[in-house]
Amino acid sequence: MKLQCVSLWLLGTMLILCFVDSRSLRKCLISTDMHHVEESFQEIKRAIQAKDIFPNVTILSTLETLQSIKPLDVCCVTKNLLAFYVDRVFKDHQEPHPQILRKISSIANSFLYMQKTLRQCQEQRQCHCRQEATNVTRVIHDNYDQLEARSAAIKSLGELDVFLAWIDKNHEVTSSA
């Protein structure tokens, strides 16, 4: 009987540890006003997507690719995709309309703030990058590289709602408003 109780206790402890480990990505809170980011994107979405000359091509691969990310890899993929948008997409996009440029700049600033938050998580060793996470971001970079930089930037900006929805689903977001 004691052996059975010990076995059940060990099993219960392992299940709790697995649950805590799978939820560990949520330790890295993204403290930014995601509603404002989504609103800014919605205001420019139609204008950006109208410039897309490759409607049947995707950069973020498919929504299924992002949805297949394991909980342990969410922090890393988020960090990598934020860097992708900040370092490549926003820099490659040339916007002649000041209103749209202001909205894109606002989104970029929010992304920079989120990057800072995730960088702190990584320094605290709460944001691990496994090979699966690296592979997903490599596919996205490869998709981007298959188009000319300006076209790829427009395509990636047009797909920003996919990334924002994924962040909402996979991160505990606190408002910094």
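Cβ atoms here come from the backbone N, Cα and C positions, even for glycine.
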- When you check TrEMBL, which of C76, C121, C127 turns out to share a disulphide bond with C129? C76
- Per TrEMBL, the disulfide partner of C75, chosen from C18, C127: C127
- Can you tell which of C75, C76 has the most other C-beta atoms within 10 Å, given these are the disulfide-bonded residues? C75
- Message: Distance check, please: Cα of C129 (disulfide bond) against Cα of C75 (disulfide bond), rounded to an integer number of angstrom.
- Response: 8
- Query: Out of C121, C127, C129, which of the disulfide-bonded residues has the smallest number of neighbouring Cβ atoms within 10 Å?
  - Reply: C129
